[in-house]
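Novice: The structure that follows is given in the form of structure tokens.
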Amino acid sequence: MDDMESGNLGPYQDRPRTFPNMRSKPYSPRKMVFRLLMGINSRVVILILLFVLGVLFYIGARASPIIVFVFSVCIASFLLSIYLTKWVLTKDEGPPEMVQISDAIRDGAEGFFRTQYGTISKMAVVLSLVILSIYLFRSTSPQQESAGVGRTASAYITAAAFILGAVCSGVAGYVGMWVSVRANVRVSSAARRSAREALQIAVRAGGFSALVVVGMAVIGVTILYATFYVFLGVGTPGSMKVTDLPLLLVGYGFGASFVALFAQLGGGIYTKAADVGADLVGKVEQGIPEDDPRNPAVVADLVGDNVGDCAARGADLFESIAAEIISAMILGGSMAQRCKIEDPSGFILFPLVVHSFDLIISSIGIFSIKGTRDSSSKSLVEDPMAILQKGYSITILLAVLTFGGSTRWLLYTEQAPSAWFNFALCGLVGIITAYLFVWITTYYTDYKYEPVRTLALSSSTGHGTNIIAGISLGLESTALPVLVISVSIVSSYWLGHTSGLVDEHGIPTGGLFGTAVATMGMLSTAAYVLTMDMFGPIADNAGGIVEMSQQPETVREITDILDAVGNTTKATTKGFAIGSAALASFLLFSAYMDEVAAFAQQSFKQVDIAIPEVFIGGLLGSMLIFLFSAWACAAVGRTAQEVVNEVRRQFIERPGIMDYREKPDYSRCVAIVASASLREMIKPGALAIISPMAVGVVFRILGSYTRQPLLGAKVVASMLMFATVSGILMALFLNTAGGAWDNAKKYIETGAYGGKGSDCHKAAVTGDTVGDPFKDTAGPSLHVLIKMLATITLVMAPIFL
């Protein structure tokens, strides 16, 4: 035990390596569902699909021609994603030793996914029953009463929307994981031939996942909207108005956020605990390479890339898009009602059209990245980041054109003929904001630029100076994004305010919708950004497979370059996600205030923090962010300690591991990390869900005694505002600092300041270890937390009154 605690395991002896067999039996589907589906006749499946499509198009046609357009684009994107899947899967998997490693990673990832999502699904069912119970006994708004939507109908609609959002979010996460565990080995194999081919495979695999995730977010909201429109008889005399319909969709956003939060927490704890444990013993104590097959934790680390970066990020972006679409639809309907626009459907359905065009233009951006014409060229002619940026530039240019066309098509009204142009400018503001976020994050996390190189230099004077430099870089990196968000909100609000749309009293009403349009503009390239994000873990896995299968150093050099670029693209996506979360939360906060006003039947436009109880709500919101981050990071630390002790134990009890005479027990580390991550994700997740409801109910009771009927709603609004602001800053700090530490290590591994194995490198590994839970657990979880707080308050608003 003394040797295990001190890490005194003896010197590392490099010997000829023979890779041990990873698996005792070939991979085969185990689920009865899979076997059942495999046994169904293909003609029956086609007939069922055609029937479902026919029903969807029939319902869509009865709701609006715009719905038919959205359905058509989503289905086309799904077909294109199938083509991308077939294209990727036709690529060879390389030699048997690569396939063995890939199969082990696939087994671990799919096994953990089934267990994790089984746990999440049970919690989702319980929460849906809670929502159903609350809605059955809550009051209804005057709008719902006039439309004949009583408590029972409202309760079942919200619960069903919650379940659908949770299911779609889970499928989005599974899609991200499914493709990554099959593409990683193909990228590794391609790297033996051509760096550009490896890049293209990784991008197209990520593109498949991105198209499915965005398409599912759009089609899920569209199906709900069209179904409610038809079955509630919207627009007919005595029924619900179309402008009130989007409020019925908030359960969908809550379900998506709920699943995404636990997926991000569980996956983040898994991947970083395994990574930290593998690095501390393998790279720091023993000096063996990253992803060395002798390290018992290395398979768990590679599995973690898939469940943490791919599955969780897919669920994260899914709920970002869903929350933004629903909030924009609510604000569009509210503005159209106040302005008495004759046909408000364009303002309500505009977000769905924008993301339909996102699928089209992002597909063009994905296919713009081609393989090299010279198959004999192994090196990259261009920097991989430059290649990806070219595709992004094409996507942005097309986004500007399609966004302008969409505003003219759907937002033109005779009441304000020039309003559509103002809203087009709002979209341009959002697109520019997205580009600036990507550029700022790249500047602070890519080792081609000064901040990361300065951080790498600080490692030459020790571990402490590396930590200080990384923390200061992360703190500094919050400034520019906040300025960009501030300018974006103010300019888009002003453009919407001056659009010419006024209510019956002549008061301008387009300000908030202008901000909503800017948010749509920011997310109008979401599919391509998610493609770049998925590229990262696939490239990381490919590098691990190359190292574990002992390929030539030239192949590892190619995957190292792709991995470093992947670190940057993952960081840029996190910056993109937190920027969109800030704007979407602002919209959801406005929707929350509108809903409170509707139920209370009185104006609710301001929150006065000079009231002691309201100020306390703000403090509680800020405290929630810090406590949540602390619990998330502590969960990684505790789980990593278990991994470190297990790896040390195996090195001591199995000395033959170091000279390849004994095989490490990979499954033991996988089991430790899986069980610990599932256990550790519960506490911070429960904190996020219970806190706003508990605060709202407690202060509602207090308000009833002090004759302040809106006190509970006001305190929750203050909590939401302060949590959003604190969460944005904390997430920016955690994401950027972690990404910078990781790439500072990568920069040193290129040979700078002594290269691999040097004291400088060990200091950089320490910084990377500290940054791991920052950038892949706490930081990404805060993106989801911010939006989930907004959606949960929107769903539960009636119980605060």
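Cβ atoms are placed via backbone N, Cα and C, with glycine included.
According to TrEMBL, the protein has these features:
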type     : residues : note
REGION   : 1-23     : region 'Disordered'
TRANSMEM : 32-60    : transmembrane segment
TRANSMEM : 66-84    : transmembrane segment
TRANSMEM : 120-137  : transmembrane segment
TRANSMEM : 157-181  : transmembrane segment
TRANSMEM : 201-225  : transmembrane segment
TRANSMEM : 245-263  : transmembrane segment
TRANSMEM : 347-371  : transmembrane segment
TRANSMEM : 391-411  : transmembrane segment
TRANSMEM : 423-444  : transmembrane segment
TRANSMEM : 507-530  : transmembrane segment
TRANSMEM : 575-593  : transmembrane segment
TRANSMEM : 614-637  : transmembrane segment
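Where in this structure would I find these features, and how exposed are they?
Specialist: Long-range contacts of the transmembrane segment (66-84) within its own chain (CB-CB distance under 8 A, at least 6 residues past either end) are made by residues 53, 56-57, 59-60, 204-205, 207-208, 211-212, 214-215, 218-219, 222, 225-226, 345-346, 349, 352-353, 356-357, 359-360, 363, 366, 410.
Note on the transmembrane segment (120-137): residues 151-152, 154-156, 158-159, 162-163, 166, 170, 251, 255, 258-259, 262-263, 266, 689, 795-796, 798-799 of its chain, located 6 or more positions outside it, place their CB under 8 angstroms from a CB of the stretch.
Residues 85, 88, 102, 105-106, 109-110, 113, 117, 120-121, 124, 127-129, 131-132, 135, 149, 205-206, 208-209, 212-213, 216-217, 220, 224, 228, 248-260, 263, 305-307, 310-315, 317-319, 322, 534, 537-538, 541, 795 of the same chain lie 6+ residues outside the transmembrane segment (157-181) yet bring a C-beta within less than 8 angstroms of a C-beta in it.
Distant neighbours of the transmembrane segment (201-225): 56, 59-60, 63, 67, 70-71, 74, 77-78, 80-81, 84-85, 87-88, 91, 161, 164-165, 168, 171-172, 175-176, 179-180, 182-183, 186-187, 190, 245-246, 248-249, 252, 256, 310, 314, 317-318, 321-322, 325-326, 329, 349, 352, 355-356, 358-359, 362-363, 366, 369, 388, 391, 526-528, 530-535, 538-539, 542, 562; these residues of the same chain sit at least 6 beyond its ends, with a Cβ under 8 Å from one of its Cβ atoms.
Outside the transmembrane segment (391-411) by six or more residues, the chain places 66, 203, 346-347, 349-350, 353-354, 357-358, 360-362, 364-366, 368-369, 419-421, 423-424, 427-428, 431, 434-435, 438, 517, 520-521, 524-525, 528-529, 532 with a CB less than 8 A from a CB of the stretch.
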Novice: Between the transmembrane segment (507-530) and the transmembrane segment (614-637), are there at least three Cβ pairs closer than 8 Å, leaving out pairs fewer than 6 positions apart?
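Specialist: They are not in contact.
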Novice: Which sequence positions outside the transmembrane segment (347-371), separated from its termini by at least 6 residues, show Cβ-Cβ distances below 8 Å to it?
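Specialist: The answer is 64, 66-67, 69-70, 73-74, 76-77, 80, 84, 194, 196-197, 199-200, 203-204, 207, 210-211, 214-215, 217-218, 221-222, 225, 242-243, 245-246, 321, 324-325, 328-329, 332-333, 335-336, 341, 387-388, 390-392, 394-395, 398-399, 402-403, 406-407, 409-411, 427, 513, 516-517, 520-521, 523-528, 531.
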Novice: State the non-local partners of the transmembrane segment (575-593) in its own chain: residues 6+ outside its ends, Cβ under 8 Å from one of its Cβ atoms.
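Specialist: Residues packing against the transmembrane segment (575-593) from afar: 250, 316-317, 320, 323-324, 327-328, 330-331, 334, 430, 433-434, 437-438, 440-441, 481, 484-485, 488-489, 512, 515-516, 518-519, 522-523, 526, 529, 604-605, 717, 720-721, 724, 727-728, 731-732, 735-736, 780, 782-783, 786-787, 789-791, 793-794, 797.
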